[in-house]
Amino acid sequence: MATKGATAAKDGAPGAPNGNTTQRPKFDPSVTWLMFESEKETRTPVDTLVTGEIPEWCTGTLYRNGCGLFNVGEADTTHLFEGYAVLHRYDVKNGAVKYMSRILDREAWLKAVKARRTAVGEDGSTKEYDDPCMTTFAGTATYFKDGERENGTTEEDEESDKTGVNIVEHSDKLFALTESPILQEISKDTLQRKSKVDLQKILSVHMATAHPHFGRDGAMYNLGTAFAPPNNYNIIKLPPKSLETEDEISGKLKLVASVQSRWNFGLSYSHSFGMSEKHFIILEQPATLSTVKIMEQGANFKPTSVFRNFELHPKEKIRFYLISRRQGNRVVATQFLANPCFTFHFVNCYDDGDYVVVDLTSYDHMEIVNELMVSNVTSATDDIMTCTVRRYVLPLNIDKAPVGHNLPTLPYTTARAKVMAPGVVHLTPDYICKNKDKVYLELPRINYELCNGRKYRFVYGTAMLTKVHRLIKLDMQTRTPVYWQEEGYDPGEPVFVPRPGSKIEDEGVIMSPVISLRNSPDKPCFLLFLDARTFTEIARATTPPGVRIAMSFHGNFYAKT
């Protein structure tokens with residue numbers, strides 16, 4: 001029975017263990033998302049069964065991307081981030097929905113199956129490569145190594161083009177992304193690769209987040225990192241109508257700002273970054289890639305060993321870097337520090353007078369990447385993704401504040417900022433809902449069109465890999481959550497679709513792909529439609545019997561008129 005709506009209720013340790021062997025994970029064949037098979041892609045669009053009523057104005061396409069194919073012959077992948085990319089397309093028109101899917105990484109998957117191990121630059125569980133957590137950075141390794149090749153091989157010979165995290169539209173083109181400088185252009189009709197743009201060929205960028213931001217003029221911004229002295233975090237900009245070919249954008253891709261890493265031989269892992277109307281916000285967390293270890297390996301460095309160079313420093317602080325967009329992209333000199341945590345996703349950032357408000361979904365511990373092994377995911381008896389929303393407030397004017405002084409922040413938050421030394425501020429976050437129901441919320445989304453970089457009220461997310469699978473609408477003002485859940489189902493990332501022309505923040509529709517937790521014929525998958533204001537179901541589009549839907553991470557809806 002669907003719940004239609006309810007209210008509040010060691011330092012330097014490597015990121016993954018080392019060893020000589022890896023046991024093949026015991027996949028539970030009844031776990032639907034884990035057992036998606038290569039022949040189950042739906043290349044020809046199929047009609048879904050729509051129950052309820054989809055608003056007439058809701059017309060367009062929802063694209064989704066994620067690691068969806070985990071079976072690799074006798075060497076199944078061992079980590080949630082290791083799967084091969086599967087793309088999804090939901091076409092919504094006149095109250096009807098068509099669905100199709102395609103395996104984006106089919107060639108890489110076929111190589112892995114043939115070799116019964118990971119192909120060069122890809123990821124799978126093997127006895128030779130036992131690291132269970134290397135996928136996130138596997139592609140990056142090749143790019144870093146590129147400038148040091150002495151064996152005559154080319155970039156195309158070895159690079160990994162896996163892009164199974166996000167999918168965005170820019171300059172009327174569709175691109176699949178991961179945490180590398182590669183943008184894969186995707187056919188909107190067939191979901192096949194068309195071409196690629198390698199940002200590294202234009203700027204010194206060895207990694208880039210899978211979560212770019214978009215200005216209201218259509219420009220795309222991203223955070224890239226460069227694994228070369230002095231180890232920088234770079235904000236880059238692609239102007240509107242710029243993404244055609246690498247040659248055509250060569251003179252258009254701009255380096256907006258650069259910040260040097262606090263570590264001489266390491267860079268923080270960044271899955272996302274923040275952008276307000278006046279500032280860029282970079283979170284430097286003590287989970288790093290050691291450039292020393294990578295360089296020491298030289299020509300013997302294997303792309304599949306990148307996560308062995310991932311180091312955790314749980315005794316070190318996190319640091320926020322502010323870059324002023326209104327003052328020539330100047331880096332604010334103040335050091336903003338806070339106790340360590342681990343963050344994949346920014347929720348939103350905005351300017352409020354002399355303060356910058358930064359909202360994150362974060363974990364209190366730094367071992368979350370290790371905990372996302374498939375064996376843990378399928379056998380866990382406790383919550384895994386214990387991610388909560390927290391708010392930091394960064395003061396801009398501290399010159400006259402004495403050391404030891406707690407700066408006043410904002411009346412609607414308990415976040416604090418204390419001057420520890422001249423130019424150094426320690427931040428204490430405001431844990432939203434901490435004293436009520438503990439609300440686990442990941443894959444956060446907002447009304448991006450209306451609220452990104454601006455003061456806002458509502459965030460939508462999902463409680464994934466927890467005992468209770470549900471969608472959440474969290475009111476940041478009243479600190480009250482509202483839920484949607486249905487027994488036996490796991491809802492994915494909620495995408496907010498605004499009603500055209502509306503200036504009401506939560507007037508629109510929430511779309512979420514919902515997959516059954518167990519492979520049962522009486523529990524087909526569906527695309528869920530919620531009224532964003534009431535957070536109640538208004539429709540669902542159920543896929544036909546036999547149509548399997550793989551897990552996805554992120555996606556976006558693009559309206560059509």
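Heads up, the Cβ atoms here are built off N, Cα and C, so glycines get one too.
For the Fe cation site, TrEMBL lists His211, His345, His554; matching the candidates His170, His271, His279, His405 against that entry yields His271. When the ranges 1-28, 29-56, 225-252 are checked against TrEMBL, the one recorded as region 'Disordered' is 1-28. Under the DSSP three-state reduction, His345 (Fe cation binding site) is assigned to strand. In the three-state DSSP classification, His211 (Fe cation binding site) falls within coil.
Close to the recorded Fe cation site, the chain also has Val165, Asn166, Thr209, Ala210, Ser272, Phe344, Phe346, Leu443: residues not among His211, His271, His345, His554 whose Cβ is within 8 Å of the site's Cβ mean position. DSSP gives His554 (Fe cation binding site) a strand state.
His211 (Fe cation binding site) has a Cβ environment of 20 other Cβ atoms inside 10 Å.
Annotation for His345 (Fe cation binding site): spatial neighbours His211, His271, Ser272, Leu360, Thr361, Glu442, Leu443, Pro444, criterion Cβ-Cβ under 8 Å with sequence separation of six or more.
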